[in-house]
Amino acid sequence: MAGAAQTTAFGQAVIGPPGSGKTTYCLGMSEFLRALGRRVAVVNLDPANEGLPYECAVDVGELVGLSDVMDELQLGPNGGLLYCMEYLEANLDWLRAKLDPLRGHYFLFDCPGQVELCTHHGALRSIFSQMTQWDLRLTAVHLVDSHYCTDPAKFISVLCTSLATMLHVELPHVNLLSKMDLIEHYGKLAFNLDYYTEVLDLSYLLDHLASDPFFRHYRQLNEKLVQLIEDYSLVSFIPLNIQDKESIQRVLQAVDKANGYCFGVQEQRSLEAMMSAAVGADFHFSSTLGLQEKYLAPSDQPVEQEAMQL
């Protein structure tokens, strides 16, 4: 952002596959932040997003419309969206002019849900990179639907997608398991919740997959994928129920720590509070245990016994 005298701005780039709850997250997080006294500006970067439930400070639809692109260039939804993001990348002066008057706000960027934008296409990464040069410190908040935990094969896929996104986007990163209140609506978890949030020994997942005749044929492939995930050892998740204020607060603490907002000058903080943010909350077993008791049905037998029966 222009001007040497301007202060650093902070925000979140909310990404994730379609249906993961990005727009709902932006609504809930913006309301929570305003309740804390922060000035919030929600920026819609998804040209396919219509009927937004939140007050939108900047809307990319004012620059380029997905339906217009599809009609004029004879593109499908995915191709049209990629073109829109490339068009935004080529017209970043428009975005900068929209964001400059909002200096002093905390930004929430509601991003498109096409996975390829966050795994290998360069437009969104280039946009984020340019924002950092405007002295806008972002944390990528990557949402995935928590019900994928109920299917070992899908969970491995989610881990691969999350890892690819972390490596491609090149921002401080927080992964969220969204819709925690619905986690067992599609099936029972094979392991305790902390197994999925901390991404513990994935060999247990391979054993679980081996019990399925279909996936037994792909054991070597799954072993290589698991080895790749564990070699990087980057992926972990924070559980989120956007209707639960305590859950939102845990997410916000992680985001503020990732982008440095907790050390900013906008709010007066004591040294004790700063040190607490710097060294605390990494070992959140107790909070994860509380979430398990809150959202998961109790198991009739310990996890170790369940694993031995696989």
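Cβ coordinates are placed from backbone N, Cα and C, and glycine is handled just like the others.
Values in this document were obtained by computation on a predicted structure and should not be read as measured data.
According to Swiss-Prot, the protein carries these features:
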- G19, S20, G21, K22, T23, T24, S178, K179, M180, D181: GTP binding site (BINDING)
- A2: N-acetylalanine (MOD_RES)
- N78: site 'Stabilizes the phosphate intermediate' (SITE)
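The binding-site residues considered are G19, T23, S178, M180; of these, G19 has the fewest other C-beta atoms within 10 angstroms of its C-beta.
When the Cα positions of G19, S20, G21, K22, T23, T24, S178, K179, M180, D181 are compared pair by pair, the longest gap among these GTP-binding residues is 17 Å. Sequence-distant contacts of N78 (site 'Stabilizes the phosphate intermediate'), defined by Cβ-Cβ distance under 8 angstroms and a gap of at least six in the same chain, are Q114, E116. For the recorded site, T23 (GTP binding site), the DSSP three-state label reads helix. N78 (site 'Stabilizes the phosphate intermediate') falls within a helix when secondary structure is assigned with DSSP. According to its DSSP assignment, S178 (GTP binding site) is in a strand.
Counting every protein chain shown, the number of other Cβ atoms lying within 10 Å of the Cβ of G21 (GTP binding site) is 20.
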